[in-house]
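**Student:** Here it is: the structure, laid out below.
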Ligand SMILES: NC(=O)C1=CN([C@@H]2O[C@H](COP(=O)(O)OP(=O)(O)OC[C@H]3O[C@@H](n4cnc5c(N)ncnc54)[C@H](O)[C@@H]3O)[C@@H](O)[C@H]2O)C=CC1
Ligand SMILES: O=C(O)CCC(=O)C(=O)O
């Protein structure tokens, strides 16, 4: 990572020293700090009031044991987390991730990002994140249910409609939210719909929440194209991943006239010259829960599977990384640049390494950071909270219109802030500065807490 300037560099060194061994958290903090020099030059009072230090220290970090019994009758132990990072703008809000790579550093990077992402939505939600080092892959429904019930048996005492509102993330979808909500309801004897989002449509969920992150990132790209008078219009798009965010990003690109030619999972990627067939992909990933290579069997000659190399070698006008953190490095960025890619928008959280982002900037590739581009998911969660609070349920069309308006407003905020600070077109600086000042001003109003 590059060296930061002056006072902000000392603050960064302090964060690293206070949070040893948490590389992903350091990376997320560094990315935000890299934008703050410009703000502090004009508004030194943010540093004087200790706002930056306070922002880097979670308000509360909960770590707990999650014991459960597998199908063979063996006792399994996992570690659960909830990092309640910042509640200046509203109750802590952010997803739960179930994945074997989960540890405190990943939870803190995701919770830290969530503060700024949620601020950009303009909705009253603070930032938090949670999860467990549980691997749902290969587990039966019964095992997933018992795990979720045990996880909630501790988590329930920390969350609530006005306190902390978890949702899904990697490894946590509708099935898991159902089991978590069921256990919360049972323990508390309260039908508190607003305690979780991403619920089923029959029991308090919102239309469009499932689709929202993937649709939202594509709406954001549509705005980036429109800013230079362009449209999707048959442009070649590569989307990494094949989970919730990727599937719905592919769907929306296709609806808007783009041509998605490749997608992936952790085993490799597929290229389909005729364009990814979404029905076949959903069959493989959502019904059969198979590998991405199985897609080829559904498609015949137009598709092929690649298990070595990188999806970023596939020529594309637009790249939308939707899988996981640090999946697109400097080599991947160079391959995209060499093939003429013009736009990269992060559907996942922090999928591009700092070197990749610098390479895009040098090459003039327009780059949208996740905290702006993938904010549609959490924004629609906040819309779900609004519907729960008013005991209402909106139509798909109305909710999607709200999502599209929110993504357009975030795009406008990024560019307007970048202009204001003399860095036109810089989405990273625009997103970081706009969200930082929003949260920082709220924190200043609330006093030293
Ligand atoms: N679900 C949501 O509403 C939101 C998710 N995100 C972020 O989007 C990303 C994906 O999340 P979801 O789609 O919800 O998770 P998911 O669990 O539904 O899907 C993850 C996908 O990524 C693939 N994958 C994992 N590691 C990979 C690798 N190294 N290379 C290629 N593919 C890989 C998996 O095979 C799977 O297809 C995560 O970074 C998550 O934090 C961000 C905002 C909201
Ligand atoms: O909908 C939510 O509350 C969480 C979404 C999320 O985890 C994210 O934006 O990364």
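Cβ atoms here come from the backbone N, Cα and C positions, even for glycine.
Automatic prediction, not curation, is the source of TrEMBL annotations.
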**Student:** May I ask you to find which of 308, 310, 381, 390 TrEMBL records for the substrate site already listed with 93, 114, 117, 168?
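**Tutor:** Of the residues offered, the record points to 381.
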**Student:** Return only the integer: C-alpha distance in Å from residue 117 (substrate binding site) to residue 213 (NAD(+) binding site).
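**Tutor:** Between the Cα atoms of residue 117 (substrate binding site) and residue 213 (NAD(+) binding site), the distance comes to 12 Å.
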**Student:** How many Å separate the Cα atoms of residue 169 (site 'Important for catalysis') and residue 381 (substrate binding site)?
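**Tutor:** Their Cα atoms are separated by 12 Å.
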**Student:** For residue 168 (substrate binding site), list the number of other Cβ atoms lying within 10 Å of its Cβ atom.
**Tutor:** 26
**Student:** Check the recorded positions 168, 169, 213, 244 for any whose Cβ is under 6 angstroms from an atom of ligand 2, and report them in sequence order.
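**Tutor:** Result: 169.
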